[in-house]
Amino acid sequence: MTSPTTALPFTFQPGLKPRFKARIWVLIEVLLILSYTVKPFKHRPLVFFVPIAILCLYSLFCTHMIHLEHVANSGWGMACRLTAILLLSSTNILLSDIQHDLQPTKRAKVRQQKKNDDIREGALSRSISEEPFLTRLKWAFMDVWFNPRAINYSDEATNILPPRPSFPTRRAFVLRQLRDLVIGIFIYDVTQIVARANPYFGFPTPKVEGIQQLWRLGGFLYGVGIYLMVQFQHKIASMIFVGFGISDAEDWRPLFHSFKYAYSLRGLWGKMWHQMFRRAGLAHANYFLKKLGIPRKSTAANFFTLYVVFALTGILHHGGDAMFLQSISKAGSFQFFMLQAVGITIEDFVLKLVGSITTTKEAKANLETTKHIADADVRANDEKLPPWSVRLLGFTWVLVWLSITLPWWTDPICNNGYMREIPEFSIILGLWRGEWLPEEWQPIKE
């Protein structure tokens, strides 16, 4: 083991580094919001991006976030958040003038006019940079920091995101969200019970052989768990904001689209999954396309963008894994996300190849429909799906690809006790066997 006298501060030796302080995180978030608030000026990158980057990198490399009780998932989440802040600050400070580039949609302007009849003439047409400081601060917090999908703004992916919810009253919206939340909690409970039985999620992972290797197909439950946990946060926030009249129900598009689009990897990641970092990924990809002189609408640009976006997503999650494992090299989430780009490339190649050798009009039509829906830019109101036989084949392909590639991500963290890092509460086992806090599900104590 490296001695304290020879270890560098950025080595992954938790005992040699100071504990991460929550006030550093608060300071970083405040700086990020202020960077959106102040009026545009020449040295904004120097004043805001540089200190944000320094604080994030210092926290990631020179502090440790592991609790004494080994409840380290909070450290994983914090490291992911800090990496995300680096990505978002690069997007909104270095690559764009956020107050100029992010413009409200016409629909949002009309609705705002109806809600504020006393607004003086011409006020809605003004740039946010012309508004008073407190107005800009509210905008920075509510419309930028708290709105990564740019809902109601020019960068909103309206042709990809789920349709806006429509409810007669706020109460009806809150009750529907509450119902979905309760159902989601029970589904999450079931997935965790099954996941705990999966030997590949064990700690330490036992030797698995024979028919037990089919448990690999259950690896997708890791993704289902993430899906549900993010859903919970979104639904709780929506109930609070709509219930207290802070925002309208139609501002809360569902975070995820229907699973019916997940019969292809492109449909899974480009339409069904949340798009919270889509704007940031595309901003960086477009920047590099311009610098490299690659035509925006070319095939090369499409695949270049695909790999850049997945690379940035991989880096974001890699930060959390590296903090949890205290090792950059052992983390595998970057490889997992890059393999998703490879899988989409395979999809596109196969569809093109099969399409070129298909002769019947019906088969060609089915392929064209599949290819169209698989495209991440398919419009939300286009519900023309391919036949069930094609979709069933697609769902099988997606499940197999995820089962093959997910171990790159999950094996290293599960082998280090990731599934045992947060106390688990089970409603189902509690009602069934009185085991509200199953002992074998609780964090391992030293």
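The backbone N, Cα and C atoms fix where each Cβ goes, glycine too.
Mapped onto DSSP helix, strand and coil, the domain 'Wax synthase' (252-339) counts 60 helix, 0 strand, 28 coil. The domain 'Wax synthase' annotation in TrEMBL covers 252-339.
Per TrEMBL, transmembrane segment is recorded for 20-38 (among others).
Listed as Cβ neighbours of the transmembrane segment (45-68) (distance under 8 Å, sequence separation of 6 or more from its ends, same chain) are residues 9-10, 14, 17-21, 24-25, 27-28, 31-32, 34-35, 74-75, 78-79, 82-83, 85-86, 89-90, 93-94, 319, 322-323, 326. The transmembrane segment annotation in TrEMBL covers 45-68 (among others).
With a threshold of 8 Å between CB atoms, the same-chain residues lying at least 6 positions outside the transmembrane segment (74-95) that come near it are 20, 25, 28-29, 32, 35-36, 44-45, 48-49, 52-53, 56-57, 59-60, 64-67, 144, 148, 277, 279-280, 283-284, 287, 312, 315-324, 418. Here TrEMBL flags 74-95 (among others) as transmembrane segment.
Among the features that TrEMBL reports, transmembrane segment is placed at 181-201 (among others). Remote same-chain partners of the transmembrane segment (181-201), defined as residues 6 or more beyond its termini with a Cβ less than 8 Å from a stretch Cβ, comprise 208, 212, 215-216, 218-219, 221-222, 224-225, 228-229, 231-232, 235-236, 239, 407, 410-411, 414, 419, 424, 426-429, 440-441.
Within its own chain, the transmembrane segment (213-230) has Cβ neighbours under 8 Å at 184, 187-188, 191-192, 194-195, 198-201, 255-256, 274, 399, 402-404, 406-407, 409-410, counting only residues six or more beyond its boundaries. Annotation comment: TrEMBL describes 213-230 (among others) as transmembrane segment.
According to TrEMBL, the feature transmembrane segment maps to 300-320 (among others).
Sequence-distant contacts of the transmembrane segment (388-410), counting only residues of its own chain at least 6 positions beyond either end whose CB sits under 8 Å from a CB of the stretch, comprise 200-201, 216-217, 219-220, 222-223, 260, 262-265, 267-268, 317, 321, 332-333, 335-336, 339-340, 343, 347, 366, 370, 418. TrEMBL lists 388-410 (among others) with the feature transmembrane segment.
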Integer average pLDDT (0 to 100) for the domain 'Wax synthase' (252-339): 94
